[in-house]
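For 229-249, 255-277, 284-306, 326-346, 358-381, the entry in TrEMBL reads transmembrane segment. Per TrEMBL, region 'Disordered' is recorded for 388-437.
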Amino acid sequence: MVQYFQYLNQYFMVGLPTYFVTTGGYNFSTEPGMNSVCSSAGCDNNSLTQKIQHATSFPNVSYLAIPASSWVDDFIDWLNPLSRCCRISAGDGQFCPSTNTTASCPLTCMRNLSEVIRPSVEQFNRFLPWFLHDMPNLNCPKGGLGAYDTAVKLGPDGEIQASRFMAYHTPLTNSQEYTAALRAARALATNITHSMRRVPGTDPNFRVFPYTVTYVFYEQYLTIVNEGLFNLALCLVPTFAVCCVLLGMDLRSGLINLLTIIMILVDTVGAMTLWGISYNAISLINLVTAVGISVEFVSHLTRAFAVSTQPTRLERAKEATVNMGSAVFAGVAMTNLPGIVVLAFAKAQLIQIFFFRLNLLITLLGLLHGLLFLPVLLSYFGPSPSPAAALAEAPQPEPEKRSPEGSLTVRNPSFQDKEEQSKGQGPGDPPMASHRL
């Protein structure tokens, strides 16, 4: 497929064929129905093919290079009694091909020639299958076999269930152009749908939609920005709530964690542009997982800052970084990096770009924000010390002991240590006797 698109852009003046498909519910057999589709004499100025032809006049906007081929126009030309295309056998009334030059086919399908050729409903339903199976030749180049036999789908009762009109895109070279071409084709198809629904007898659910082989791949880009923002917000909101709860209902700590995670995501998206990583569904999946990875880089340090008993924010930030920074570096970053580096040796370019590069960016930026940006942010805007958290983290006092006689033994560490130091008792000497009550 890649080589096909390369040759298409290199050797052709047009791009991929695109089809404007009509669904069921439209009556092509009536004169207003034909006039709203064709582009020959007597057709409406805002017909389907006229609008597509007008769009090709602005290829920079519509991304259409060649007007659509219309089976309705060729069918009308095929019915022209001046041509040798549509003739009826005098014996059995069956179709007589243009290659038959005998006198057994004297009758033409349309006997009365007027300024505008329009078959009746009966003639339309009778002659259309003949047209679709007539092989074009020098005598009748308008035969529909090969060009339109698969472009019109007839039901068991002869009703047209679906049809297509083929046009060509301009040469498209990148994802932005493919996405813009899809967006422009859908806008044009929507405009055509509204016009054709005004034809009497048209089903309200009738519609026209564009299709080409690449639309299925680039359709994701039409809504991926909004869907990406929604999915990331859907991850950030519970992350903020859980951080607040686990940090002792501390809203400020939760907001600082949330801001740091958002900064990691923003910097990751910026680095993606510099490193040639496009934004698509795979990138979005990695960005969603980046929210969970970023929590590991910021939550532990924020927790250590909250339980610190140092007098100033700066001292608390220093203590939290010293005590918890090494754990974050060794426990989070160094466990991710070995598994990420292995992906750099993958042969698939998809793995190298969207998994190695992107996960490496997430890990490095998370580490930088967790060990550099977050401590500075906490030193300026960190929460006040949490007495409950500090008490929970503080070492518990030794339990009281009773002597065998039932008396209560009380040890005053600070008093006895001072007494031991004043009497010259070293740390290796046996302890002094405790007081008994």
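Placed from the backbone N, Cα and C atoms, the Cβ positions cover glycine too.
Of the ranges 255-277, 284-306, 326-346, the one with the most Cβ pairs under 8 Å to the transmembrane segment (229-249) is 284-306. Listed as Cβ neighbours of the transmembrane segment (358-381) (distance under 8 Å, sequence separation of 6 or more from its ends, same chain) are residues 252, 256, 259-260, 263-264, 267-268, 271-272, 275, 277, 283, 286, 289-290, 293-294, 296-298, 301-302, 305, 313-314, 316-318, 320-321, 325, 328-329, 332-333, 336-337, 340-341, 343.
The list of residues near the transmembrane segment (326-346) in space but at least 6 beyond its ends in sequence, with Cβ under 8 angstroms from a Cβ of it, reads 293, 296-297, 300-301, 352, 355-356, 359-360, 363, 366-367, 370-371.
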